[in-house]
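For reference, TrEMBL has these:
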type     : residues : note
COMPBIAS : 1-12     : compositional bias 'Polar residues'
DOMAIN   : 163-232  : domain 'Replication protein A C-terminal'
REGION   : 1-24     : region 'Disordered'
Amino acid sequence: MWESKNNTSMNNGGYMDESYSVPTPAVENRRTESNCIIPVTVKQLYKGTPDKFTVGGHPAKHVCIYAVVRKIDIVATKISYEIEDQTGKITAIRWLEVEDRDDSIQVNKYVRIIGIVREQADLGRHLFILCMEPVNKLCQVYSHLLEITDLALSEDKRAENGTENVNGHGDVVIHGLGKYPSIVLQIIRDCSDGDGIEKNDLLSKLPNDITAPQVDEILESLTSEGHIYTTCTDDYYKAT
């Protein structure tokens, strides 16, 4: 579908939509959704349910997709884009607050969209657009596909290895995290206690080259990103 026979062309310029007001999620949702932007294909957007949308077993609130605009429908309150990649088609919707149509988005041209998967009775499964811009270089599309492939391979490898490398302080790296945050997160995930793992117990399981201040920073970061949360006290942590 990426071939020239589809009359797909490139254009210059970029567009970043900032007209949306996105509701602040509840505290529980912040704990169970990843703040990372995950690269996906159209086919992946139809898997699971929007409120529990996952990629590679991990919650994915924000997704990034590269596709070709096949149709544009404009009404008073929204613009609907029918987009297509090599795996399928889906509608991406941009709700309007003012007369701010952007003519740089055109039919049969590549676009990059960051959005949220949603489903409504009247609209079906669709992508709520947070930002959208034309794609200027075909290499961006290929790079996106490589990111998707790399993510899938990383998840397959992690599933095969299980937690043995983490328990042995190996080089397991969870997608989107560094080496030490990955080790900390995996140890917390491995704890089956109802209240989670206590910080001193966590420290005893970590490699000697990780300092306590580093662990505090990692715990704060993992908490803010929604990977973990505190339970009975501020020193007990449990994975989302």
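Each Cβ is built from the backbone N, Cα and C atoms, and glycine gets one as well.
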Average pLDDT across the domain 'Replication protein A C-terminal' (163-232)?
-> 80
For the domain 'Replication protein A C-terminal' (163-232), what are the DSSP-based totals of helix, strand and coil residues?
-> 36 helix, 5 strand, 29 coil
